[in-house]
Structures are given as structure tokens and as C-alpha cells.
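The following feature annotations were taken from Swiss-Prot:
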DISULFID  89-104  disulfide bond
CARBOHYD  90  N-linked glycosylation site
CARBOHYD  96  N-linked glycosylation site
LIPID     1  O-palmitoleoyl serine
REGION    33-61  region 'Disordered linker'
């Protein structure tokens, strides 16, 4: 008859922004665990939930962590992080140097500066 039927299947990843939202949600719901070793083994045998009363058992798709992330907004001499306090930020920016992002929601002081310099203009 000359007709041809073809079936093509494929899977697509979600849009990058949607994936970011999913990961952020999983990050916010991550459960702290601690490795449990037996006397003979140096490697951990399993991970135990650190606060078992307030959490359910994590699923394979959930995120878990062993140590809390450092707070990069505060100075931490142990990690060498200088924090963001006292650094200059851009009030109108939506990038990494924005005041809202750098100041971690603590608010910020604004200062207006004037600068005069010789421009060596020629007429």
C-alpha cells in the first residue's frame, strides 16, 4: 500500500528553571544524617537520621547531608570566609553584587559619593 508507520519516543528534561526550583525545594527539605560505624569497620555501615522525631525516612530521591553548610554572610575565620558585612553592593543590580543578595536580608546603609578628577579634556 506504500504507507509507513513509525513510532518515535523520547524523554525530555524539564526546563532549567523548573529543575532549579525542584532542586531548591529538595535542598530546603534535606535531612541531616550521621554515619554509623561498627567497631570493626572504618567505613560507615549506614546513615542514621540526626533528629529522628521530626523527620521521616528519606526516599532515594531525597537529599541528605552530614554537615551543615557554612553561612557565607557571616565572617568565619576557620573557613577563611570574610562574609559580606561592610562590602560595597549595588542597590539597583539584580546580579551577585546586589544589596538584597549580598546583605542576606539584614538591610543595608546607603552612602552617596562624589568624585572629582582631572579628565585631560582637549578642545
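Using N, Cα and C of the backbone, Cβ positions are placed for all residues, glycine too.
Can you tell me where each of these features sits in the structure?
Every protein chain shown contributes to the tally, and the Cβ of residue 89 (disulfide bond) ends up with 16 other Cβ atoms within 10 Å. In the three-state DSSP classification, residue 89 (disulfide bond) falls within coil.
Residue 90 (N-linked glycosylation site): 13 other CB atoms within 10 A of its CB, across all protein chains.
In three-state terms derived from DSSP, residue 96 (N-linked glycosylation site) belongs to neither a helical nor a strand segment and is classed as coil.
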For the recorded positions listed here (96, 104), tell me which residue's CB has the most neighbouring CB atoms inside 10 Å.
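Ranked by Cβ atoms within 10 Å, first place goes to 104.
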I need the CA-to-CA distance for residue 89 (disulfide bond) versus residue 96 (N-linked glycosylation site), whole Å please.
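Roughly 9 Å, rounded to the nearest whole number.
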